[in-house]
């Protein structure tokens, strides 16, 4: 299931579940339950009203008792707690860890200060995106990263293949996949004050993109000040046997203001923040430059290259790409993935990759790819929905201002 359909599926479920005749059956949701993987919080989700759906091979909550609209707004006004344990955390260790990883990603991993991280992209030989990831330099000989659930198998195969070749030439690097841990994302303005109640470490001195290993509620956690909503927040890697207890502690310490939140609201939040979803807004044929992620390519990497597809990507940095990712406001029905984008004269410029109705802005938002030259903010275009062209205008992203906690 692609993220662009999560919001739509969530709205459909909300309508269906509002009718008593539909409530107890959940035939669609249970159809593949025996084949799906479950996180350590699965039963807790069900007990708390989670509407479980198949996602990337896992049974995951798309929403709870409140609507996706309400959940999205509550995250921005108070806070949300997401179970993102379906994502794959892994560590690379050894003195050559950064050197190895830089062969596969565009980030200047070696240049990161210990305890800091950045968004990066795994690229293929053609410069296309295999996946995006947050990579953290824990120390000079320890790199921690998280890859997307839907890309786990291909990412691990890709990393593993190159790892074996690197080690065969004498490289000092090993890896560990953190299947023994769960991952929680605490997001929103109350995230820091709530979490501060559960740790002795001073979170006011921990800024966006920084990483710590620390005790939270008595459990040894990996804590990264990051997220996927545009809000201040944290991703917390916790031993799976402690995941339910930590979840309960966070919710109890918020006085009911931080709510369990599902994948539906997570999708609308990331879209409002102008963030890519792999499989929608980035794929194997889209380069980081085309995706508007040139900032993630480190200065040293631009000079030296040395990553897969560097020749293609560095040429695009110099000459400009032929297509670009843009944000759009549109009239009419909310745009969906693959809706055509036309010029005012009817020429096809590209297509929508993600779209929906913004719960916070109360209007349609979307992102997609258009030919270079039609990417400038203010450019008027048409978006075709159900065969009918609707007025739209290219706009800057994020749609909702980000509120990351950064050092002044």
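Note: Cβ is positioned from N, Cα and C throughout, glycine not excepted.
All annotation found in TrEMBL is predicted automatically rather than curated by experts.
Sequence-distant neighbours of residue 235 (substrate binding site) (same chain, six or more apart, CB under 8 Å from its CB) are 84, 134, 146, 183, 184, 185, 186, 223, 224, 226, 227, listed in sequence order. Marked as substrate binding site by TrEMBL: 235.
What TrEMBL records for 41-299 is domain 'GCVT N-terminal'. For the domain 'GCVT N-terminal' (41-299), the predicted model reports an average pLDDT of 98.
Helix, strand and coil counts under DSSP for the domain 'Aminomethyltransferase C-terminal' (325-400) come to 0 helix, 44 strand, 32 coil. According to TrEMBL, the feature domain 'Aminomethyltransferase C-terminal' maps to 325-400.
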